[in-house]
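Q: Have a look at this one before I ask anything.
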Amino acid sequence: MKKIMLFIMTISLFALPLNGCRDSNELEDLALVMGIGVDLTEDEHPLVSLQVFLPQGSGQSGGSQSQSKGAGGANQSFIATESGQSIGDAVNKIAKRMSRRVYLSHNAVLIISERMANHRLREVIDYCQRTQEIRQRTLLFVTREDMPKILNYESVLEKTSSISLLKEEEKHLNLITTIRDVSLMKTGPNKPIAIPVIKLRRDSYDPREQVTKIIGSALFTDEQMVGMMNSERTLGILMMNGDFRNNTFTFKPKGRKGKLSVNVQDIRIRAVPTIDRGSWELSIHLSGKGMLQENTTTLNPMNPVDCRQIEKQTAKYLASMIGKGFKQSQCVGSDVYMTYEVFERSYPHECQRARAHWATVYPNIHLSVHPQIQLMHSGASNS
Amino acid sequence: MFQWMRKMRKQRRKPWQEVLVDEEGTKKVSASVKKNKQILEHAYHACADLIIRSFATKNSVENNMLIAYLGGTANVEEINEHVMKGLQSSNRPLDGLKALEQSVAITDTKKIHTFNDVFINIADGKPVLFAEGINTALSLGMSKWATRAVEDTQTEPVIRGAKEGFVESMQVNVTLLRKRIRTPRLKLKTLVIGDYSRTQVALLYIDGLCDPELLKEVKKRINGIHIDGVWDGGMVQEQIQDNQRSVFPQILTTERPDVVCASLLDGKCSLIFEGSPNTLILPTTFFAFMQSPEDYYVGYMISSLLRMLRFGFLLIALLAPAFYIAIVTFHQEMIPTTLIMAMTSMREQVPFPALVEALVMEITFEGLREAGVRLPRQVGQAISIVGALVIGQAAIQASLVSPAMVIIVSITAIASFMIPHYELSISVRILRFPLMIIAGVFGLIGVVLSVIAIIVHLASLRSFGLPYLEPLAPFKKHGAGDSIIRRRLQHQTIRPHLTGKTWNKYRRWKE
Amino acid sequence: MIQSERISVFQFYLPIFVGIITTGVLTMPLVLYQAAEQNLWLPLIVGSLSGYVAVAVVSYLYHCYPQQTIIEILQQRMGRVIGTGCALLLILCLVLQGVYITREYQMYLSINFYLYMPPFILIGLLLAVVLYAIRQGIEVLVRCAVLFAPLILGIHLLICILIIPELSPYRLLPLLDHGLLAPLQGTLAPIVWFSQFIWCAFYMPAVDVPAKKMFVSGCWFVLATTVALLIIFAVVISFLGDATVQYLYPFDMVERYVQITGILERSSVLFMIVWLLGIFVKVASLLFILNLAVAQTGRGMRYRKTSIPVTVVFFLIVLALFPTNESLQHEGRLVLYLCSVAGNLVIPLLLVIFLLIFRKAKGKTRMQS
């Protein structure tokens, strides 16, 4: 025991001046980064904006020349912006002028401007994978808005805009892309990636505030943005990848007046790929459950015939939704549906041969969807 | 078996008697009362409490009897009633030892030949009777010491189970044990420690369950002790445990008779000290310190859960401040985002680094606790209120510490009170401080490596040959059911195998 | 010293088991995936054969000379010069393996947690604790292993369970898409890892069991190692798929992604804690046998007296070799493979062959030392 104590004592005594504690930082010496925005300047240099948390006790300390909206308000953050040769360089410049250490571990979102996304997504992904401080669960977004503006908008409910974005994602209504998802998707041929796109929108009834809204998802091929898919079609990607939880679809049944709102949940997918003499076919067997939420048509869900009708219409709607999205992705050649993996599992050799020229194979894949929706109940109403 | 322990324990023991009295002790009891009286008076000069009374029997003219005892140690009424009255009124001539014994109406008498034994018996509170013409004295077992009544234990209270605890009299304590284990196999050997205090120590064990080698080793180690006086088992414990430099106690101390009885039935032995309510139980494992006697009196599920809870809080008591420091200064990514935002705001106003803050708070708390023990009971209440207020409220308002730190310190304090045995609790409290410093310097890697070092140390400890972490490391299938969890009693049919070859395997009477 | 200590056969293999799991989990997925992609179970299972070979060698040596370590057997049966030469070669191999393992530990911490702390502090801290542990002897060491093993396995299992919602088992398919031979190129790594079971031969006298039982339980341990690694690798691949190759420490990535009820995430430090426990067991058992080997090679040296110089020299060697991650991944791995194959397989197998011939020539007379 004496030895332990002696050991502990000597180590402690020697270590204190030896600054073994180079890695230590007091909490009050950290500038907690809540969100990162990456934009491109006019002369093609990355422009990084960091949303830094402003502790309430601290008054004016922190970055001075930031476009702060003033402490003490509901918004507890300020934005620091700097451009540099690379993302790392820009972050380093911010760190130099900040009185505290820039700490990225609590960063929740990473917003990429469209200009950056168009050609230079690679740099962003590389920086994120290499920097140990950035978490794998960091959410990625693409936006067309002005970067500081979207980071700096004031959320009504949450402390910072980043947190409100984070919470919005937790609802699983939209595509979620984390850094790990990107590194997974990157492994496919052509490196197809899908990242949600957000937009700032003025709330029409509460003039104080703006809200961010996810308006769709950006599609990438070879780490270049090639197109955008709208919000509804994105749900098709979610369904195919098994990330779909539930959503209410509203549509007009064929040949009827009025509209149906059906909440679809518990979607299960079985994909059957076939390669038949050079023609690639993928048939999707989709089964799910539905709940009728609103019914302004004359169909009576309690009636077996009408009930089948509703189920069929819902299924058809879903099939067309998936089909349209798939078509669109084929047009831009971005395999965000991960069809390559599906084919590879059944036809490893053909796929390896096709891997090099996947860009030509993918647009010719024929997709057929066979949906099957079961209406579980139609609410508390008996009609 | 005990090879590794026989490290040059020198056998330089002398009989205590030679040390205590130099000249008179060697003398024989003489047939002359006068001569005996002279020797006694010489030995006990300036001992005002020695009562020497010479008297004459009925048919004698001269004072032919002498009784000597220390005032306050013997039962005076009984001496008067059964000795003096009988002798003074007896008509029978006292010719010889046998007649003397018969005329004294007492069961416990002992013949004494040397003054050595005379002094021992007088010191034990037994009056010694000399008679003219007989060169043997008679000690009368009529000692009566002032002692506390059997009361509730203050240090190891339980909700369910026996409340009574040991007192300062060895005899009473042994009675409490005899009350619970009613078999002649419960053996008791007395040893004597302390050259001046001559404290009696009872070594208790159950014949057939306890390893004789262990008893031999215990006796040997106790005989190796040289000390003027022993006032509590702790003084002996320190000198007989295997690793005397360790922070961790290797011998269990208890005030509860039921704990001693249970340990005796496990094949352990116990040391009871005259004048101290604390008994030692050995050999002991680490897990014994984490067990409360109550564990066996409530349901096995409840006690298993409670034990796991205790182990959890043991870790908290040891590591909570260190982890807090390490996480706050090195691994901030572990703190949930919402919490770190709140904590940063709180810490903005605190001028000290987290390590200093934690050290100051912990030291203050240890001071408060120590003060609480020392202060008179009435004042103690007041001090704890003041302490709680000062630390809890005012320190935060004065921006000396952050609220999170106060929570950590309080949790640590509560956790350290959850350890059932005080000695282990102290060890944990001591180890907390180096751990905190290491955490502040190296972060979690330092904490983890220190914990590994502590575990290595624990694994290297032995208590009288028994590995300290026994039922778990080395793993013993039968014992593990009574370590971190407690199995049902009907499944604990196998007695733990402690040391040596003697192992009475099954927990039932077996010839 | 080693002859006076007693451990059970379970404790005998446990430190090696813990060590292989610990280091295997961290670096093996990447190495194996580069060679065999999702079929890495094949090279792993084939490679684990070297574990059975190692266990068989240990058991055979134990069968012949239950009271001697491999160093003593080498020196006494193969002649003074050859025996000492082989012993020195074994020691060299052990040192270089130890250097790789220690550097691996330091790199992992430097990359993930302590970006600015000097490497010598990280290595020195570990070696200081290890030095304290090995001076207590093998009994204490295996007791620590017994205490840590459930914790290490439990946390790994917990991580595997918590990550289940994020897993896609179809990433394990297709089976054998490149044929049977292509994945086998990666067999060397598991061979190297499993060959570490030979380390048991350095503290054989501490156990007292029939040689057959030793062999059987050794096989169970090799099997358990294989199964544990298979489960963990399956989780890694179902989580990362082809992206496994993008990360230096794939299982660490899995751990980083774990989220408990949305609050407790980024708990990779917890993984670091159990990983440290494992690496401690590994480095301590390695240094213990290294030290014992040194003490026995130089006859008449006391184990406790050599422990400090051996550790200090080892510390200096570690500091001198493989200072960067790149050199560790290339030269370091090459050296590790060479030393493991030579020290853990070739020399012991040669010894066994020699003994087979030698003992036959001597007839059936049992040599008892």
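Yeah, the Cβs are placed from backbone N, Cα and C, and that goes for glycine too.
Copying in the features that TrEMBL gives for the protein in this structure:
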type	residues	note
TRANSMEM	C:12-34	transmembrane segment
TRANSMEM	C:40-61	transmembrane segment
TRANSMEM	C:81-101	transmembrane segment
TRANSMEM	C:113-134	transmembrane segment
TRANSMEM	C:141-164	transmembrane segment
TRANSMEM	C:184-207	transmembrane segment
TRANSMEM	C:219-249	transmembrane segment
TRANSMEM	C:269-294	transmembrane segment
TRANSMEM	C:306-322	transmembrane segment
TRANSMEM	C:334-358	transmembrane segment
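If you look at the structure here, what lies around each of the features I listed?
A: Sequence-distant contacts of the transmembrane segment (C:12-34) (same chain, at least 6 residues past either end, Cβ-Cβ under 8 Å): 40, 43-44, 101, 104, 108, 141-142, 145-146, 148-149, 152-153, 156, 186, 189-190, 193-194, 196-197, 199-200, 203, 206-207, 214, 217-218, 221, 224-225, 228-229, 232-233, 236-237, 244-245, 247-252, 275, 278-279, 281-282, 284-286, 333.
Below 8 angstroms of C-beta separation, residues 29, 32-33, 70, 73, 176, 180, 183-198, 200-201, 204, 211-212, 214-215, 218-219, 221-223, 225-226, 229-230, 233-234, 237, 344-345, 348-349, 351-352, 355 of the same chain, each at least six residues beyond the ends of the transmembrane segment (C:40-61), sit close to that stretch.
Proximity of distant same-chain residues to the transmembrane segment (C:219-249), defined by a Cβ-Cβ separation under 8 Å and at least 6 residues beyond the stretch ends, is recorded for 13-14, 16-17, 20-21, 24-30, 32-34, 37-38, 40-41, 44-45, 48, 51-52, 55, 108, 111-112, 153, 156, 160, 163, 166-169, 171-172, 194, 197, 257, 325.
Note on the transmembrane segment (C:306-322): residues 95, 98-100, 102-103, 119-120, 123-124, 127, 130-131, 134-135, 287, 290-291, 294-295, 298, 328, 331-332 of its chain, located 6 or more positions outside it, place their CB under 8 angstroms from a CB of the stretch.
Taking Cβ pairs closer than 8 Å, the transmembrane segment (C:334-358) reaches residues 50, 53-54, 57, 60-61, 64, 70, 73-74, 77-78, 86, 89-90, 92-94, 96-97, 99-100, 188-189, 191-192, 195-196, 198-199, 201 in its own chain, all 6 or more past its ends.
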Q: Sort out for me which stretch, of C:81-101, C:113-134, C:184-207, C:269-294, has the most Cβ pairs below 8 angstroms to the transmembrane segment (C:141-164).
A: C:269-294
Q: Report, as numbers and ranges, every residue of the chain located at least six residues beyond the transmembrane segment (C:81-101) whose Cβ falls under 8 Å of a Cβ in that stretch; write 'none' if there are none.
A: 23, 70-71, 74-75, 196, 279, 282-283, 286-287, 289-290, 293-294, 296-297, 314, 317-318, 321-322, 328, 332-333, 335-336, 339-340, 342-344, 347, 351
